[in-house]
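These notes concern the structure reproduced below.
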Amino acid sequence: MVKEHNEKLFTRTFSLYLASTIINFLGTGMHGIALPWLLLEMTKSPLSIGILLCIRALPGIFLAPYAGYVADCMDRRINCFLMNLLQGIVVFVTVGLGYYGLLNQFYIYSMALLISIGNTFFFPGIRAYIQEVVGKANLLRANSLTESLTQAGMLIGTGTAGLVISSFGTMTALFIDGCTFLVSAICIILMNKTKASFSVKPQKFAILKTQFEVLKYVKTKFILFVTILLLLVPTFCVQVNNVLVGAFTMDLLKLDASAYGLINLCYAIGAMLSGFILASLTKKRVNDKYFIFVSILALGLFEGLFGSSQNLSTAMLITFIIGSCVVITRTWLNTKVMSITDNEYAGRIQSTIGFLTSVMLLVSGLVVGGIAKNVGYNLVFYLLGTFVVLIAFISLFYYSRQENATTTSNTSEATVKAKVNEM
């Protein structure tokens, strides 16, 4: 069983987790290129990609309560192992169908759905597991390294996918993707078993009951609710960028796909490097409220500035900084969420974040492009930047107020204790 892990971060278990992370996201990066490419080869229609993206979002919306329930009522390590194993098997079946010429759109959409279902159950489980394993003292460093290796894996995966597809075919890329799921599963099963809380007992209507428990829990910790909402801000910025940067590059900068690739590369490098730098910090050096304020403020300012980009070099530089701001903001807020959340609620809180993220990604993905066509890409980035800057000041106001309330409460308690001792 896992014991206390506050003193040492780089245990055998955490090292296996890091290996699993980079391998998993290497496969995800390759998968993200290979699957859309396979669809385009079959259909010759970009509509098929839109359908694929919608299918990927559905499990996060409809299965999030179940994912949180499973993450909190069973061994989280076994949960994550089974999800990776399922995903690997699904990919290998797809490769087999492709080898025998039996693959069609239905199978590809089915594969995407099953992979997304696996992710919906995997990520709440693995995040709750790591929260339990590393302890509060090491959460910031653990989350920073996770973000960095996620970006590194995605960078390697997307960077090599095109080469593998052009040299050996799409099925080879998917086969490698399947192997990464299995290797990740092996790393996970070799990690230490944790003290699974089992606070959620299997019972009739258990899913519904536990969701009400989570709502009551969040209600008693309003700071947790606010932090979860703030955590959606960097993800929203990433989604807007994913939808608009390609069109911005083509229509306003008048550049080709290679320039778009360079802009995305700069984002990934900025995100990866900032994660490694953040991992060298300790939370004792920086006040939460100011760090969160500055990181969100910088994100908003540079999102707005991106709308003024006139050439490739400016766009690359600003995107590099945006990547850094996104990872720093997301890492710090993730750490705050984990430090506030009790272990027995960790899975359900993470699945709630996943649900809100999925809804936001789906809605923004459908709406942002249409708005940009009507008002222009520049104005959308200006409005996004203004909105995020406003959120930064709201966060500073709220956390300052919360800090003052906590200080007043502690002072009152100390005064009462002093009077009692004098009696």
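From the backbone N, Cα and C atoms, a Cβ is placed for every residue, glycine too.
All annotation found in TrEMBL is predicted automatically rather than curated by experts.
As written in TrEMBL, here are the features:
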DOMAIN    13-403  domain 'Major facilitator superfamily (MFS) profile'
TRANSMEM  16-40  transmembrane segment
TRANSMEM  46-69  transmembrane segment
TRANSMEM  81-100  transmembrane segment
TRANSMEM  106-129  transmembrane segment
TRANSMEM  149-168  transmembrane segment
TRANSMEM  174-191  transmembrane segment
TRANSMEM  222-245  transmembrane segment
TRANSMEM  257-278  transmembrane segment
TRANSMEM  290-308  transmembrane segment
TRANSMEM  314-333  transmembrane segment
TRANSMEM  353-373  transmembrane segment
TRANSMEM  379-399  transmembrane segment
Pairs 6 or more apart in sequence, C-beta under 8 angstroms, 3 or more of them: is that satisfied by the transmembrane segment (106-129) and the transmembrane segment (222-245)?
no
Could you check whether the transmembrane segment (290-308) packs against the transmembrane segment (46-69) - three or more CB pairs closer than 8 Å, residues at least 6 apart in sequence?
no
Taking the transmembrane segment (314-333) as reference, which of 46-69, 149-168, 174-191, 222-245, 379-399 has the most Cβ pairs under 8 angstroms?
222-245
